[in-house]
């Protein structure tokens, strides 16, 4: 495709660049390889992030607690995202693009290393020998003293985490020096998986509010203004997955990229992960809603690519993903007569017996398997901690 991706949420398109207009059109084989690879890369963090979100929800370790998104958070999110996008647009218009991207590169360099380290840590633990000298560490910053002492940072890690951090730093340096598309994708996949794993919707209604709001946000900023296009062309950070359409001709040095924004992975992904936890809460040993929404995501993303190919213009993927990811599971719930249970604010805990009606304060599902009904409120009132790599047993 010769059209640039409209924004970090567009499904695909040729990456913007000064020489984009002079590039020869991509071959059908190259386009098929690029878009097929993007779809596969999008599915991996959603699938494994959803599975890890179940374990995360059951964890009793405070450093591994997910961030719970309430209906109020979901309603405000499109507004906050719009302000952020407009702010970036003004920054790029007023200040030098080079210095802004240098600052953003350093910021995402640090975040990417931490995210990638957390992503590969469970897999790397299988390669450590049983007699590996693993020591525990804790980085703790507090404010105040005595009874007024508050934790600012509580970062628990061990020797294995340090090894993962060192390996991730190699990728970070590679990205910082070369901005290579493979390093970009490693960071992008890590961000996506961590987002799906650690961002939890408290119920299905909240998910519908979030996806509906971002549906409007996506359509407005793509079709209504040029803000998305300008920011996407100027923003150099691993906030999208890319794959070269000329890989077959140029190999790893290819530079004509199709792209998929991380927002089009994480936003539907946290909703799909919620439906997996809902499946578990039903205690029917089936994952009907999870697989339905997963197939719906594939359908929506495929439709996005098809429409973009037909009209030769980058598309806001949420325009197609949101109706699919909400509509398909809702049709299944209608067919099974479980709409009331799906939209109930208290659906029972994942992996536990569904509770009978209990007095106020009893345990509720609310999309987060292990928290009491007031858990999200208590956590919202406490100071936010920086989450480190999970503590190993």
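Backbone N, Cα and C define each Cβ position, glycine as well.
As annotated by TrEMBL, compositional bias 'Basic residues' applies to 381-393.
The feature region 'Disordered' is assigned by TrEMBL to 1-21 (among others).
Residues annotated as region 'Disordered' in TrEMBL: 347-393 (among others).
Remote same-chain partners of the transmembrane segment (32-54), defined as residues 6 or more beyond its termini with a Cβ less than 8 Å from a stretch Cβ, comprise 11-12, 26, 66, 122, 185, 189, 192-198, 200, 241, 243-245, 247-248, 257-260, 264-266, 268-270, 272-273, 276-277, 280, 290, 294, 297-298, 301-302, 305, 350-351, 369. Under the heading transmembrane segment, TrEMBL lists 32-54 (among others).
What TrEMBL lists as transmembrane segment is 74-92 (among others).
Annotated transmembrane segment per TrEMBL: 99-120 (among others), in sequence order. Counting same-chain residues at least six beyond the ends of the transmembrane segment (99-120), those with a Cβ under 8 angstroms from any Cβ of the stretch are 91-92, 161, 164-165, 167-169, 171-172, 175-176, 186-187, 189-191, 193-194, 234-239, 388-390.
For 198-223 (among others), the entry in TrEMBL reads transmembrane segment.
What TrEMBL lists as transmembrane segment is 257-276 (among others).
What TrEMBL records for 288-311 (among others) is transmembrane segment. Outside the transmembrane segment (288-311) by six or more residues, the chain places 1, 3, 10-13, 31, 35, 39, 42-43, 46-47, 50, 264, 268, 271-272, 275-276, 278-279, 317, 319-325, 327-329, 332-333, 336, 342 with a CB less than 8 A from a CB of the stretch.
The feature transmembrane segment is assigned by TrEMBL to 317-335 (among others). Same-chain residues lying 6+ beyond the ends of the transmembrane segment (317-335) with a Cβ under 8 Å from its Cβ atoms: 9-11, 207-208, 211-212, 214-215, 218-219, 260-261, 263-264, 267-268, 271-272, 275, 288-289, 292-293, 295-297, 299-301, 303-304, 307, 341-342.
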